[in-house]
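Database features (Swiss-Prot):
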type	residues	note
BINDING	46, 47, 48, 107, 136, 137	L-glutamine binding site
ACT_SITE	78	active site, nucleophile
ACT_SITE	173	active site, charge relay system
ACT_SITE	175	active site, charge relay system
């Protein structure tokens, strides 16, 4: 099972390294033709506006939507979660995006890069041991649709991980920690 990693901008190399460490073959996805060689896809963190523009520039939006609608598992981390969200709060209405997951992503929910933080929280489906979560200019997920399952909440109740069918969104960066559980969870979806 080859895991595609959208490699237009952002921290795709960190995801690639984590997947290699756990033995999963990877392919950097930059063009629509690359999608035919992958069974699942990670959309990494980075800058959601920039990644969205690059998705449009390289003709990836429609092929990605089609593959995801056909059931290809996809995981968006941070900016990737924003790009998966049907609705984007605090974003531009014309921002290129996939708009597939029935959630609202609130961009930069914690403020600037100076307000970045780490916290240990439980994640549904990962066992009892809390997961180290790294938040960097991170969004939160709001207005979850009926078919969306929240997987992790901050202490104040805000949702920072959710799943809808074969779509997974995390507002934090599991690839920046040594913990493999989120990547293994995605591979098992």
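Each residue, glycine too, has its Cβ placed from N, Cα and C.
Where Swiss-Prot records a feature, it is marked here on the structure.
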| residue | record | DSSP class |
| --- | --- | --- |
| 46 | L-glutamine binding site | coil |
| 78 | active site, nucleophile | coil |
| 107 | L-glutamine binding site | coil |
| 136 | L-glutamine binding site | coil |
| 173 | active site, charge relay system | coil |
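Considering only the active-site residues 78, 173, 175, the residues lying within 10 A of residue 48 (L-glutamine binding site) on a C-alpha to C-alpha basis are 78. Close to the recorded L-glutamine site, the chain also has 45, 78, 79, 82, 108, 138, 139: residues not among 46, 47, 48, 107, 136, 137 whose Cβ is within 8 Å of the site's Cβ mean position. Counting neighbouring Cβ atoms within 10 Å of each of the recorded positions (78, 136), the lowest count belongs to 136. With respect to Cβ neighbours within 10 Å, the recorded positions 46, 47, 48, 137, 175 differ, and 47 shows the lowest count. Every protein chain considered, the tally of other Cβ atoms within 10 Å of the Cβ of residue 107 (L-glutamine binding site) stands at 19. Around residue 173 (active site, charge relay system), taking its Cβ as the centre, 24 other Cβ atoms fall within 10 Å, counting all chains.
With respect to their backbone Cα atoms, residue 46 (L-glutamine binding site) and residue 78 (active site, nucleophile) stand 7 Å from each other.
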